Amino acid sequence: MWKLLLWVGLVLVLKHHDGAAHKLVCYFTNWAHSRPGPASILPHDLDPFLCTHLIFAFASMNNNQIVAKDLQDEKILYPEFNKLKERNRELKTLLSIGGWNFGTSRFTTMLSTFANREKFIASVISLLRTHDFDGLDLFFLYPGLRGSPMHDRWTFLFLIEELLFAFRKEALLTMRPRLLLSAAVSGVPHIVQTSYDVRFLGRLLDFINVLSYDLHGSWERFTGHNSPLFSLPEDPKSSAYAMNYWRKLGAPSEKLIMGIPTYGRTFRLLKASKNGLQARAIGPASPGKYTKQEGFLAYFEICSFVWGAKKHWIDYQYVPYANKGKEWVGYDNAISFSYKAWFIRREHFGGAMVWTLDMDDVRGTFCGTGPFPLVYVLNDILVRAEFSSTSLPQFWLSSAVNSSSTDPERLAVTTAWTTDSKILPPGGEAGVTEIHGKCENMTITPRGTTVTPTKETVSLGKHTVALGEKTEITGAMTMTSVGHQSMTPGEKALTPVGHQSVTTGQKTLTSVGYQSVTPGEKTLTPVGHQSVTPVSHQSVSPGGTTMTPVHFQTETLRQNTVAPRRKAVAREKVTVPSRNISVTPEGQTMPLRGENLTSEVGTHPRMGNLGLQMEAENRMMLSSSPVIQLPEQTPLAFDNRFVPIYGNHSSVNSVTPQTSPLSLKKEIPENSAVDEEA
């Protein structure tokens, strides 16, 4: 009996751990089916295994009750949407109410009295259970703004608290799982301050979808990117800024879901020759063939646009843009999606939100890179990686720019960046526009240099930026992006073998199962998962002492060298150096900086996390970490130049905006493309 209880306890612990996995929240719009030709998308076209949560946008409201937008939604789209759960039992579906075009007046009326809110809540539970939704998403843009009175900020909180109470009560009475409750919120600071009590929302909601896009658009007089990952000093708007702002105000990181758009914002340039970031613009570019909205292109339309356009990469913001004549579009692609996904993982946010699933290349017919080329990247990094037995990739795309943490042990770099501390957002976010100086939370190297683990520099062909503390890239290397295209930030190519392969310097690291490494001129082949054995299964004999790493353990018995099965053995009183600490034969400790240590017997190569003194009659466990590792908290330089998927390419290494539109015009929507319905 006690064994059964122990087993149940272990299962519960594992389930709790699974619950900490990243969410991938994807919106699907009820007008996607009305687009012409191959752009028409229905729920059965969606992949039920791609996202962890699917949200149907939008429901409407009538007489303080939630209702389907039209009869077709209720009779066809709702059933087809929720039928996806028959193929994936883990999938959760939610119904969203609101949107930009919904306005605020009906929300205000419903929120105004307890009786109205009670009526709304009863209708919500009834509609969700009738159509087999798992929860409700509130898309109120925005309490206290756009005609909504200031007290809506507080009545909105009352509604959320009352919804949660009713959901819990209904779950107890029906013995069904509690309905989920989420909300879509602005990422613009002045809207956040006006519309939300961040701590209260963070405490009550199951997750919070931060709309960290529509940060720039054709309502402005200068070009700017729709959803840059990081900020520039003259323009703090960015996805990282928005996420760190919510966290700084008290929202739990694990509940914050970063919004990532599958569309771009377009501009019409004043002059075709002035086509960079912050170039003068005179309005929106032409509407897309399928979305038919000025200043806006879905990703599947952007694929056609960029074939004949000049493509550029915005350094420090990690997003692309393209221009063709006087038309300019700032958009996201598979590379920028991967950067954003790794940022989410590095900063321990709850996951990613996609607006929208139906604006990706759903069938793979427009872009030629397979179905859902953008969202698949997020799934690969945020969802499948959580349950994979493979080790994490050898690169962490996590610049300290816009980061909320500072690494005090970061390697010193002689040339750094200078910024005005007054523009730093919550969490120590910083940006850069020129080439030399110093910033607290950022390690930057000038052109032609990169930082190595031994604090030496090596030549690099292009401008480099040192990434965060978990970056494990050296030199100008190439990565393969999540099973898709091979991206080449430097001038060397990476081809995935199994999972990843990397080139550092002149040596090749080829993935065999999990990892294999070539330090010096030796080839190490993994045995099991992370242990390493030198070439031809021969032991390493530095200084006359033989060590044969076979698995995770070493053992010394009396005065003899023994090599038992699945164990490695070293002679007595042998000092094994480590990444951080070595124990000398006299029992003293001393730090290591990459060099070998000499004991009474000989000199040994670096192994694992701890240097151990092997004495007679002692049995000691070595770390199960990979034998060859870089020191922790070591930031390495990363070459930011990418070779794009399509055609020609240039990189914006240094941007000096002419103007800094720090806030949107009041008459222009902050998220005007949140829905494209009439």
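Note: Cβ is positioned from N, Cα and C throughout, glycine not excepted.
Going by Swiss-Prot, these are the annotated features:
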type: DISULFID; residues: CYS26-CYS51; note: disulfide bond
type: DOMAIN; residues: 22-385; note: domain 'GH18'
type: CARBOHYD; residues: ASN402; note: N-linked glycosylation site
type: CARBOHYD; residues: ASN441; note: N-linked glycosylation site
type: CARBOHYD; residues: ASN580; note: N-linked glycosylation site
type: CARBOHYD; residues: ASN596; note: N-linked glycosylation site
type: CARBOHYD; residues: ASN648; note: N-linked glycosylation site
type: REGION; residues: 524-544; note: region 'Disordered'
type: REGION; residues: 581-606; note: region 'Disordered'
type: REGION; residues: 651-678; note: region 'Disordered'
type: SIGNAL; residues: 1-21; note: signal peptide
Most Cβ neighbours within 10 Å: which of the disulfide-bonded residues CYS26, CYS51 is it?
CYS51
For CYS51 (disulfide bond), the three-state class that DSSP assigns:
coil
Compute the average pLDDT of the predicted model within the domain 'GH18' (22-385).
98
